[in-house]
Every structure is written in C-alpha cells, then in structure tokens.
Amino acid sequence: MEERLPPQEILELDHVYEALDHPRRRYLCYTLLEDTRWTLTDLATKLAAWENDISEHAVTSDQRERVYVSLYHAHVPKLVDESIITFDDVTETITTAENAAQVLAALEGMGASLDSNQETHARSDMDDEER
C-alpha cells in the first residue's frame, strides 16, 4: 500500500510550492539565505540586478521601480500570507517568519536553483563582498 503524507505535512508542502512557484519569489527566498532581513528597496535593487544580469550599481531607477512595485503588490503579500516572511509597512523591512525555514531548506535542497544568469550574478556578488 502506498504511504501517504498526513494532511499537516501536505499543508506544509503547499507553503513551499506557493513560495517557490514564481521566479521573483524564488529570488526573494534565495536572498533570505544570505540575510534574514532586507529593506524592500534593497531587495528590489538586488532582484533587478539579477533579472537584468547587471551589477546592483548599474540598476536604473525604472528597473528597480518595476521590481519594487511587483514585490510590494504581489509577491511580498503572498509570502506574508504563507507565513514565510513578515513585512513592516512603516520601515518597509522584510524578515523571515515561521514557515521560512521549511522553504529555505527546500530551496537549499534544490541547489538554490536560480537560472544560470542569476546564479552567475549571485556568485559574482558574493565574490565582490569577499574582496
């Protein structure tokens, strides 16, 4: 007989699937592996750099704004609803929440899979920080 997951474990997996379903949410979760606290502006800058395969310093205000609006109106609320992050409206700061560990563990288990451009960019950012 096939072993089935208890309903609670299925529900927990739903958080993972919802969080990692969209590339921007995956990138956001990937950044949480680096640091568990981000301002929305810093996060928008980092994601815009990844998406455009440029350095963070080269991100234009239009590129940052497009990502910022998308994060603010769609992706951050989704991750808040899934209890993966918290969002402080006053400081516009994102921090990890109760379901973050589960999602981040899944992301690490997937090899923190970004597409090849984002993976290369993330590695170069980390190399720059070490210098």
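Yeah, the Cβs are placed from backbone N, Cα and C, and that goes for glycine too.
What TrEMBL annotates here:
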DOMAIN    17-95  domain 'DUF7344'
How does the domain 'DUF7344' (17-95) divide up by DSSP, counting helix, then strand, then coil residues? 53 helix, 10 strand, 16 coil
Model confidence over the domain 'DUF7344' (17-95), as mean pLDDT, sits at 95
